[in-house]
Structure formats: C-alpha cells, structure tokens
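Beneath this line is the structure, given in structure tokens, with notes to follow.
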C-alpha cells in the first residue's frame with residue numbers, strides 16, 4: 001500500500017469522519033449536544049448548579065467536572081452495566097478524568113464563581129474515538145450552559161469563565177502511515193494510538209500516546225502531532241459553526 | 001373545571017401524547033427503537049445472545065430480561081449515576097423487573113430455544129411514563145431482534161417465540177377525572193397513578209395502581225381500567241404501523 | 001375440580017389462613033408484632049425516633065418508612081444473605097417500598113410532627129404472602145408505636161397521625177377459580193397473582209396484579225378484587241381485636 | 001458491696017439467666033433452635049446441603065460454617081441494616097467466625113462426608129451474650145441437622161460427625177467480683193469481659209478476654225476461668241435435656 | 001522429642017525471634033516504626049490529626065484507632081487486594097479492632113484532648129505473628145506521635161495521654177510443648193494458638209486462645225500464659241531500648 | 001531565575017534524584033525490588049503463577065499485569081484506604097493500567113507460555129514520581145521473576161519473554177524551564193507535567209503530557225521529550241547495574 005492510498009472508508013489520511021454537532025438535543029439540561037464522529041454518537045449534557053463541592057467551599061472559585069459512561073449496547077457486543085457490577089471500571093474513570101481536565105483547561109474558575117458544571121458524556125453508539133468526540137461535544141454544551149447561566153443572571157453578564165476553546169482528536173499509525181480520527185476497525189489495528197487535546201489556538205492541553213504493538217520513535221511521534229494539529233483546526237471550525245447557528249428552543 | 005375541559009397541553013382525557021417509534025436507531029443491536037411519548041425519550045436496545053443464564057441451562061428454554069436506567073440529566077435536575085453510587089436503586093430494580101415480566105408474557109421460551117434477549121431501556125429524557133414507553137418500545141425492538149435471529153438462522157424460521165404483542169400506558173385521576181398517558185406535570189399532581197400493561201388482544205399482563213394522595217374506590221378503579229384499555233388499542237396500532245414500515249438499514 | 005371444592009389445606013376459596021397477631025413480641029421496640037398468616041411468620045418492629053431525614057427537615061412533617069428482609073433460612077432452601085452479597089436485591093427493595101407507601105397512606109405526616117417511624121419487617125418463616133402479612137402486622141405495630149410516643153409526650157396527646165387502618169391480602173386464580181390468601185404451594189401454581197392493599201373502610205391503597213402464566217381478562221380481575229375486599233374486612237376485624245386486647249408488658 | 005450480695009436481677013454470681021432451648025422452631029430448616037438467655041433471643045437455623053465449597057472439593061471432607069447477624073431493632077436503639085450499608089461490619093464478621101470455629105471443634109469433617117452445614121444465628125432480641133447464646137443454641141440445631149441427614153441417608157447411619165458437645169458463656173468482673181453470664185446492663189459496666197467456649201467434657205475451645213477498663217491480673221483471670229467452667233457444666237446439662245425431649249414435628 | 005530440644009530455627013521454647021524496631025522509617029508520619037519479628041516485617045505509621053470522629057465531638061476526649069492490612073505479596077502465595085474485592089475481610093477487621101483496643105488500653109483519652117491518632121499497620125512480609133508485631137511496633141510509633149504533638153504544642157506539654165506501655169506476643173503448643181513467638185511454619189502446626197497482649201507491668205489487656213486441633217485443658221492454658229508473660233517482659237525491654245535511642249531525623 | 005540556576009534541592013535541570021534499586025527485598029516474591037527515587041519509595045513485587053486469566057486460556061500466551069496502591073500514610077496527610085471505601089479510585093486504576101501496559105510492551109507473551117506475572121507496586125512513601133519509579137523498579141523485579149521461573153523450569157531455559165528493557169521518568173516545565181524527575185514540591189508547581197515511558201533503546205512506549213496550568217506549545221513539548229530521553233538513558237544504566245550485581249539470597 002502506498003502512502004497516498006485511501007483508507008477503508010475512502011477518507012484521506014488527514015481527513016476527519018463526518019462530524020455532526022446538534023445543540024439542545026435535550027430540553028432539561030442547561031447545555032446539551034448530540035455529537036457524532038461518523039457512527040460514534042455521544043450525548044453530552046452540561047448541568048449547571050449553584051454551589052461547589054465541600055472541599056472547594058468559600059474559596060470563590062467554581063468547578064467543572066465530567067462523567068463518561070457507555071450504554072451497554074453502544075458496542076458491538078453487549079457489556080454489563082457498571083451500576084449492576086457495583087463499581088466503575090478503570091477505563092471509565094480514566095476517560096471521565098481526561099474530559100474533566102480538558103475542559104477545566106479553558107475555564108477561569110474564578111470567573112465562574114462558586115458554581116459547578118458537570119458534563120455528562122454518555123456514549124449511545126461507539127465506533128472509535130468516543131473520548132475525543134466527548135471532549136469536542138462537551139465544549140459546545142459547556143458554552144451553552146455558561147450562556148444560559150448568564151441569561152438567568154447566575155453569573156455576571158460580564159464575567160468570562162471561558163478562556164478559549166478545546167477540541168480533541170485521535171491519531172494513529174496504520175501500516176506505517178499516520179492517520180487522523182480512527183474509527184473502530186482502524187483503532188483495532190493501529191500500532192500506535194494517540195489522543196491529542198488542543199486549544200482552538202493550537203496549543204496542547206493533553207497528549208496521550210501509547211504503543212499498542214511495537215514502540216514508536218521520535219519521527220513517528222512528530223508526524224502524529226502534525227496531523228493531529230490539522231484535525232484540531234478542522235474541529236474548531238465545526239464547533240464555531242455550530243455555535244454560530246441558532247439552536248433549537250428548549251421546551252422548559 | 002368541568003370533565004370535558006382539555007388538559008394543560010390541550011389533549012383530550014383519553015388522548016395519548018405524540019408517539020414516535022424509530023426502528024434501528026442503533027447499528028450494532030439486533031433490534032433497537034428510539035421511542036418517544038411526547039418529550040419522554042427512551043432508547044430500547046435488544047441484544048440477542050446464544051446461551052442462557054446458568055440456572056436455565058439444559059432445559060431447552062430461552063430467557064428474556066430487561067435493564068432500565070435513567071441518564072443522569074434525563075430529568076429536570078441532575079441525579080447521581082447509580083454506577084458511581086455503587087448500587088442500583090429500588091425504583092430502577094422495580095422498573096427493570098416490570099419490563100422483563102411484561103415482555104416474557106408474550107414470549108414462548110421453548111420456541112426461543114436456549115437463547116437470551118436482553119432489553120436495555122435507557123431513558124435519554126424523562127417527562128413522565130418512562131416505564132410504559134420502555135415496554136411499548138421494547139416490544140418493537142424485541143420483534144426486530146427475533147426477526148434478525150431468524151434471518152441469521154439462530155432460531156428456526158418456523159419457530160414462533162412471540163405469542164402476542166404487548167404495550168403499556170399510565171392512567172391517573174386528576175381533579176377527579178381519569179386521564180390517559182400522564183406527562184410529568186400531570187403525574188406530579190395525580191391523586192391516583194396506575195400503570196397498565198396489556199396484550200394487543202386486550203388482556204391484562206400487569207396492573208399496578210397506587211393511591212398517591214387519598215385512597216380510591218372501586219368506581220374510580222373501573223374508570224381507570226376503561227381508559228387504559230382504550231390507550232392500549234391506540235398504542236398497539238402505532239406499534240403495528242411502525243413494524244409494517246421498512247426500517248432504516250443497520251450499518252454492520 | 002368444581003368451583004366449590006376445598007383447597008389443598010381444606011380452606012374455602014374466600015377463607016384466610018389462621019391469622020395470629022402477637023403484640024409486644026419485643027421489649028425494646030416502641031411497637032412490635034409477630035404476625036402469622038398460617039406458617040408465614042413475620043416480625044414487625046416499629047422504631048420511633050425524633051427528627052426526620054435531611055431532605056424533610058424544617059417542613060414540620062414526619063416520615064414513615066419500611067425495610068423488609070428475609071432471613072436466609074426462612075425459605076425451603078437457604079438463600080445467601082444480602083449483607084454478604086453487598087447489595088439489596090430488587091425484590092427486597094420493591095417490597096420495602098410497597099410496605100412504606102401502604103402505611104404512609106394512613107398517616108397524616110403533619111400530625112406526626114418532625115418524627116420518623118421505621119417499620120422493620122423481617123420474615124422469620126416464609127410460606128407465601130410475606131408482603132401482605134408484613135403490611136397487616138406493621139399497621140398494628142405502628143398503632144402501638146404512636147400510642148407509646150403519645151404516652152412519652154413525644155407527640156401531643158391530641159394529635160392524630162393515623163387517618164385510618166390498612167391491611168393487605170393476596171388473591172389469585174387457581175384452576176380458573178379466584179382464591180384468597182395464597183400459601184406457597186398455591187402461589188407457585190397460580191396463573192394470576194394479585195396483592196391488594198386496602199383501608200379498613202374498603203378503599204384501595206395499592207393494587208398489583210401480575211399474569212404469571214396467561215394474561216387475565218376484566219372479568220377475572222373483577223372477581224379477584226371482590227374476594228380481596230372480603231379478605232380485607234376479615235383482616236381489619238382481626239387487627240381491631242388484637243388492638244383491643246391488653247398486650248404483654250414490655251420489659252424496658 | 002460484699003462478694004455475696006446478689007446481682008441487679010437477683011442472681012447469684014455464678015448463676016446463669018433463665019435458659020430456654022426450643023427445638024424445631026422453624027419448619028424448613030434441617031435443625032433449628034430458638035435459644036433464650038434471659039431476654040436475649042437468637043434464632044439458630046442449621047441448613048444441610050450436599051457438596052462443599054470449591055476449595056474443599058474432592059478431599060472427602062465436609063464443612064461447617066456460620067453467619068451471625070442482628071436484626072436492626074434487636075437492640076435498644078435501631079441500627080442500620082448491614083445489607084443496606086452494603087458491607088458486613090467487623091463485629092459481625094468476628095462473631096460469625098467465632099461461632100464457625102467453635103462448632104468445627106466438635107466436628108469430624110471426614111465423617112461428615114462432602115456435605116456442608118451452615119448455622120445461621122439471627123439475633124431477634126439482644127440483651128448481652130448474643131454470641132454465647134448463638135454457640136450454645138447452634139450446637140443443638142447442629143445435632144438435629146445431623147440426625148435429619150442420617151434419617152434421609154445423606155450421611156451413613158453409622159458415621160459420627162460429632163466428636164463432642166460445645167457450649168459458651170460470658171464471664172466478667174463487676175465491682176471486683178467475677179460473675180457469670182452477663183446481661184446487657186452488666187456487660188456495659190464490666191471492667192473485664194471474657195467469652196469462654198468449652199466442650200461438654202470441660203476442655204477449652206476458645207478463650208477471649210478483654211480488659212474494657214483497667215487491665216486484669218492473673219488471679220482475676222483464674223477466677224473468671226473457674227466460674228466459666230461451672231457455667232459450661234450447667235449449659236451442657238440444659239443442652240442434653242433439650243435433646244432428650246421429643247421435639248415438635250416440622251411441617252414439611 | 002524431649003521438652004528441651006531446640007525449635008526448627010534453633011530457638012529455645014521461651015525465646016523470641018530477632019526483634020528489630022526501626023523508628024522514623026517514614027518522613028511524613030508523626031510516628032513510624034518498621035518492626036521486624038524475624039522475617040515478619042510490619043510498617044506501623046501513627047497519624048495525628050486534630051479533631052475526633054463525629055460521634056465523639058464535644059466530649060473533650062480523643063480517639064485512637066488502627067487499620068491493619070497485608071500487602072498482596074507479603075505471603076508465600078499472592079492474595080487478592082481487599083480494595084479490588086471491594087470489601088474488607090473478616091480477619092482484617094478482627095485484627096484492626098484488636099490493635100485499636102490494645103492501644104486504647106494504655107491511653108487516657110481525656111489527656112489526649114479532642115485529637116485522633118490512627119495507627120496504620122501494613123504487613124510488608126508475613127511469617128507468623130503479624131498482629132503481635134503490629135501491636136508491639138505501633139506502641140512505639142504512638143509514643144513518638146504523642147511526643148511530636150507535644151513538641152508542636154497540639155497537646156499540652158504536661159498532659160500525659162500514655163498510662164503505660166503495651167506489647168503482644170503469640171504462644172502455642174507444638175508437640176505438646178508450649179513455645180513463644182511462633183513463626184509461620186510453627187503456627188501452621190500448632191495445636192493451640194494464643195495471642196496475649198499485656199502491659200509493661202505484667203497485666204493482661206487481651207487474651208485470645210483458640211484450639212486449632214484438639215481442645216486444651218487448664219494446665220496447658222496456664223503454661224501458655226506463663227511463657228507469654230516472659231515474652232512480654234523481653235519485648236517491653238526492647239521497646240524501651242528503642243525509645244531510649246536517638247531516632248533518625250525525619251525529612252519534613 | 002536564569003536557566004542554569006540549580007533546583008530547590010541543588011540538582012541540575014536534567015539530573016535524576018538519587019536512585020536506589022534494592023533487589024530481593026522480600027523473601028516470598030519471585031522477584032522484588034525496593035526502588036527509591038529520592039524520598040519516593042516503592043515496593044515492587046513480581047508474582048509468577050502458572051496459568052492465565054480465563055479469557056486467555058488455551059491461546060498459548062501469557063499475561064503480565066500490575067496493581068498499584070499507596071499506603072494511607074505514604075503521603076503528607078493520611079488518605080483513607082481504598083479497601084475501606086470499598087472501591088478503587090480513578091487515579092489508582094489509571095496508574096495500575098499504565099504500569100501493566102508499559103511492562104507488556106517489552107514482553108513476548110508467546111515466549112512466556114501460559115503463565116501470569118503480577119507486578120504489585122505499593123508506595124511506601126510518596127514524594128513525586130511514584131508511577132515512574134514503579135515502572136522502573138517493576139522492570140527489575142520482572143527480570144528476576146523470569147530468571148527464577150527459568151531456574152525452576154516453569155518456562156524453558158531458552159525461551160526469552162523479554163524483548164527489551166523499560167524505564168520511566170517524569171518531566172515538567174517549572175518557571176519556563178524543562179526539568180527532569182520532579183519531586184513533590186516541584187510537581188505541585190509545574191505548569192506542564194509529562195510522564196514518559198521508553199525502552200532501553202530509546203523508543204517510546206507511552207507519552208502522557210498534561211497542561212496543569214496554561215497550555216504548552218510544540219517547542220516546549222519537544223524540549224520535554226529531549227530531557228526525558230536523557231533521563232531514560234541514565235535510568236537504564238542504573239537498572240543494568242543493579243541487575244549485574246549479585247542480589248541478596250531469598251530465605252525460602
């Protein structure tokens with residue numbers, strides 16, 4: 001296979017899947033997004049509540065956190081519910097923490113005041129890249145929740161809790177070639193797998209690369225980072241486009 | 001208020017909300033339905049697996065069961081995840097068991113062979129009647145899963161595990177008047193609340209009535225059962241209509 | 001079998017088992033009853049405590065709740081303890097909630113003041129009808145606990161938290177005939193099984209009917225409700241008789 | 001106070017409370033005893049099952065174990081259920097293990113064959129000495145369960161799994177004087193508290209002494225052991241008397 | 001074997017293993033000891049915190065408690081972590097409670113003020129006697145933590161929370177002969193096993209003896225207590241010696 | 001501060017802390033290492049067992065996994081035990097999974113045969129870099145465990161399960177300058193924190209970088225990777241030196 005051959009679904013190496021961002025998919029949540037990266041479909045709900053966890057009280061700062069979970073039949077074969085097993089698995093914890101950290105990186109918690117925003121990211125259908133779709137969609141829900149809080153005067157109109165935008169994408173090496181935004185079939189065969197979280201201005205928030213098969217060298221790492229940066233530019237544009245549109249009215 | 005006044009959303013006392021049944025909303029599941037009763041929105045996924053739980057092995061009969069759960073922000077204010085709390089709540093257990101019993105009532109487990117179908121009902125948005133929407137939607141997903149199993153020759157083409165159809169609806173007494181298919185604002189104020197599960201041929205599978213405020217008498221009970229029977233006729237027609245249409249192709 | 005044939009234990013179709021209600025079976029509890037429906041034996045303890053759960057504080061209303069559990073060897077074969085399994089099962093939750101709701105239906109929580117009464121119903125021996133025996137016995141323990149609270153001036157002497165009496169009974173269809181108060185052998189073979197909770201004045205608090213085998217029609221449902229009403233009349237009389245007697249002194 | 005003054009309930013220092021041992025209190029269990037040490041009331045159920053835990057399989061030996069638990073309102077103020085808390089407390093574990101060890105000390109597991117007997121000791125009412133009452137009562141239930149297993153030919157008629165009898169009693173130092181079989185008011189004030197498990201032939205199986213207040217010396221320890229030995233003689237006689245009587249028929 | 005034969009490791013019957021007590025093995029803890037009884041190696045950390053558990057608040061008394069745990073590979077074959085199993089085992093609870101009780105026996109909680117000291121005893125390597133090593137080492141860590149609290153003026157310089165010293169040792173009967181401080185090979189073969197906790201002045205705090213094989217008589221019990229008392233004298237001397245030396249500086 | 005100023009403990013920016021690797025610190029484990037990165041002290045135990053988890057059976061391949069945990073007083077203030085909380089925290093899961101992946105990257109599971117090696121990494125004292133110390137130490141324990149398995153002929157003498165060596169180090173940006181192997185005071189103030197796992201031949205196994213404060217750019221990322229590579233060279237040399245020495249004999 002030559003480096004310019006197309007991928008199994010016809011995409012170019014540096015091409016995202018079809019990305020759809022549907023705002024206000026829910027009526028109750030202060031912000032909500034159904035985000036789709038191809039067949040991967042994640043429902044991101046932002047819940048704004050006044051007050052902060054006990055360990056933060058009285059410090060004048062807010063809190064942003066996230067919980068990620070997969071529906072039992074989001075995957076090809078059914079998985080047991082974590083609630084039934086009575087414990088949250090390591091992978092679920094890991095991804096929840098990653099999403100929370102990524103969003104906090106663009107939040108000025110002082111400007112948020114003593115308020116909490118929880119981002120629930122529930123994977124309705126999984127086809128690779130659920131954590132990167134979650135971060136990308138949750139950012140949009142977060143923007144809407146903050147706007148809603150301003151409209152309801154829960155935070156001052158001139159406060160600006162957001163310090164930038166954030167998006168995330170996966171990259172990997174398949175058959176020796178770096179590719180962007182892997183779907184599940186690609187993810188299963190990639191020798192190296194990396195998730196990159198960046199700001200809309202091209203800086204890194206989180207880089208997590210893992211050699212699934214053989215270790216990778218510095219040149220491969222550099223190529224992966226290049227292609228990820230390109231994908232983040234595209235995702236940032238799609239987020240801005242979605243936010244520029246008039247969203248469906250929530251039925252309160 | 002007179003008995004013929006319309007309800008807060010303009011419905012007649014014996015009128016269902018807008019019901020939508022979208023088949024094959026998921027690609028992986030053998031059967032899946034996004035069912036909407038007004039703003040209540042439940043994702044029902046039917047997972048077919050060969051084999052049965054240990055306690056059923058070797059008896060030549062299959063098993064149908066269900067797990068119900070609400071997404072944390074399906075409701076007006078966010079609830080904690082049961083997985084994080086490490087235990088499944090009483091209400092969740094109760095409804096999961098009800099859905100399972102209701103579907104088993106129209107299943108011939110001998111004809112199913114030693115196979116298991118799990119119906120996952122995840123409430124994406126709650127506005128009253130989540131358990132009745134779950135049963136009504138899960139039945140359609142179950143029909144599709146059985147057809148899929150026949151197509152894949154996992155059960156014989158001439159076996160007929162389904163012995164009938166099943167649907168469910170809530171009824172209640174509001175301001176002394178029986179009404180059908182309560183939404184959340186109605187449910188919160190109803191003096192008596194009843195969930196009725198019936199077959200497509202008008203027989204009872206389950207009747208659960210609870211006096212939320214003052215106890216009810218036999219005449220009220222009779223009126224509630226009458227109106228429920230009418231609702232089941234309508235829901236059965238909607239189920240048949242959905243099943244008669246050509247569903248979207250799953251992308252396997 | 002003709003409709004007027006006797007049952008396996010010689011009872012008429014509408015006849016209760018031998019019912020025994022022993023008050024003050026315990027010394028510590030504010031109210032306690034060992035209730036026996038034939039061989040079914042449940043220990044109901046009413047614990048009165050000042051104060052209410054956090055979510056009720058400051059509203060001037062009390063709380064009544066219940067916890068039901070079966071001893072591991074109350075049944076024919078030993079069951080594992082829920083404490084050892086680390087979680088409460090669905091059936092246990094369901095019945096605990098039913099008992100609590102049933103008793104709250106005859107409680108004026110305002111008149112109770114900010115006090116809590118917990119009804120612990122522990123099944124010492126199970127032979128069918130443990131939930132209905134629990135409700136019937138717990139009511140008597142509740143009456144005693146309220147009298148005790150008045151005697152100790154924890155609630156005003158002229159307050160009347162009780163708005164009526166409550167009892168419960170099971171009914172079912174066996175060989176096409178409605179029968180009252182099923183024991184375990186009957187319960188295992190009944191085609192339809194219904195638990196009915198009613199006030200002493202003949203109104204419904206809860207109706208839960210389930211088709212175990214084939215669905216039931218409206219005529220069967222009506223017949224079951226008729227026979228249940230008769231049983232509640234008898235149980236109410238037995239409760240009143242027990243309460244009219246002088247109970248054993250508690251050794252405090 | 002002189003050494004010969006009577007105790008708060010009129011007992012002599014070396015006198016047991018009224019002990020009652022009621023066999024076959026339950027119908028289902030292979031052996032069952034309601035044992036009462038004064039107001040302490042424990043239901044001991046022996047469940048015989050064929051087979052052994054996995055780690056014992058194929059070794060030709062049986063297993064005897066125990067589970068102890070207190071009902072929530074067995075005590076003066078209500079305790080939360082361990083099942084609801086989702087974990088078994090340290091004290092419960094400790095006593096369950098003690099009962100199991102004590103009974104195994106008089107069992108020849110080879111003679112028992114690959115069978116398991118579980119002794120469930122559920123405290124219905126607690127007034128001190130629940131663990132010693134449990135051991136004393138459980139022994140009698142164990143004897144009955146073994147006789148039942150022989151009658152049903154689950155173990156050979158000439159096998160003798162029992163190598164002796166076992167009973168247990170508490171002793172303590174109150175106001176400088178050793179006393180036998182403490183009730184709760186005594187237990188709360190005792191400076192030293194000891195539980196002694198012995199065979200019917202006067203040998204020790206377990207000795208557990210704890211200085212609750214100030215440490216105790218060797219002379220006090222010796223006096224406690226003397227008085228315990230006297231109590232075990234009396235309890236052994238009561239066990240033999242109960243076993244010599246004809247027990248109530250179980251209704252199977 | 002004659003009574004004067006040496007043990008498998010060459011010790012006399014009443015001889016301790018090599019005991020090492022290393023103070024300030026940790027830098028963070030207010031007191032810490034690596035205690036070694038031969039190859040048994042336990043890390044005891046004393047954590048001093050201001051305040052007491054909720055149930056003790058406002059009574060002017062402090063609290064001392066302990067948590068014991070074994071590292072998974074402290075033993076000959078690896079055990080699963082209790083954290084992964086999601087529950088603390090019965091043996092772990094039992095030993096934690098024993099250590100806590102033993103240390104509280106030499107603490108004047110009034111003099112401690114409303115402060116808490118937790119003794120964490122983590123078994124790094126187990127070769128018999130881990131609970132007795134834990135108590136013996138934890139006492140030394142406790143002394144250091146109290147001295148540290150005085151130095152930091154968290155308790156008054158002239159307060160004396162310690163009322164004495166405490167040490168513990170195991171004794172057992174092997175081949176009919178009482179021996180002191182059993183290592184694992186001895187412990188596995190001992191017919192009777194006893195743990196004795198005593199003060200430095202020779203009084204008993206706790207005596208726990210168990211017949212592992214056949215029951216033991218009073219003469220054997222007496223012999224075991226004699227030899228234990230001798231071991232406690234030796235351990236007390238070693239504790240005093242360790243405390244008299246200048247400990248390594250903690251790097252704070 | 002200029003770029004060539006020394007760090008708070010006098011180290012050069014690219015200088016490791018004092019590293020100590022003590023092999024066979026335990027007697028029971030097939031391989032064990034007490035690894036110290038300055039004051040960070042981790043006990044790594046490698047447990048070799050025949051057989052593999054169920055999901056791997058019959059495939060002829062082995063398994064290497066890891067469990068990481070911190071002792072409650074390894075840190076400056078005491079943390080609750082995860083076993084007591086009944087659940088493993090997200091951070092613990094995350095690090096356990098990272099260690100397991102890192103070691104599997106240098107294992108040929110075919111050559112290991114159907115055997116399992118568990119690496120338990122228990123943090124005795126934490127001062128930053130516990131995960132990197134764990135990986136670095138666990139590798140040495142793994143080498144010893146494999147040598148032991150060969151010596152005991154549990155794997156063939158000529159099999160070579162190890163495909164290379166692995167070490168890990170943290171890097172971060174402090175005051176705009178990249179520094180190597182951060183201790184806790186540095187870690188708390190670093191703007192960016194990265195953990196790098198590499199082979200002894202300089203290839204990447206895992207790269208995890210997180211912007212704690214402000215996002216970082218590509219130039220900073222490059223500088224961090226450079227300094228990490230230097231640190232891995234030094235750690236690899238220390239591992240080889242430790243493995244070249246004769247280790248203490250285990251007392252089996």
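Every residue gets a Cβ built from N, Cα and C, even glycine.
Note that the structure is predicted; figures quoted are calculated from it, not measured.
In the record from TrEMBL, residues D:129, D:130, D:131 bind phosphate; the candidate from D:84, D:91, D:177 listed for the same site is D:91. Residues D:91, D:129, D:130, D:131 make up the record's phosphate site, and a Cβ search at 8 Å around their centroid adds D:68, D:95, D:123, D:126, D:128, D:132, D:133, D:134 from the same chain. In the three-state DSSP classification, residue D:129 (phosphate binding site) falls within coil.
In this record, phosphate is bound by D:91, D:129, D:130, D:131; the longest C-alpha to C-alpha distance in that set is 14 Å. Fewest other C-beta atoms within 10 Å: among the binding-site residues D:91, D:131, that description fits D:91.
For residue D:130 (phosphate binding site), applying a Cβ distance below 8 Å and a minimum sequence separation of six or more within one chain yields D:40, D:42, D:68, D:70, D:95, D:123.
As a summary of secondary structure, the domain 'Exoribonuclease phosphorolytic' (D:15-145) carries 42 helix, 43 strand, 46 coil according to DSSP. As a summary of secondary structure, the domain 'Exoribonuclease phosphorolytic' (D:165-231) carries 20 helix, 30 strand, 17 coil according to DSSP.
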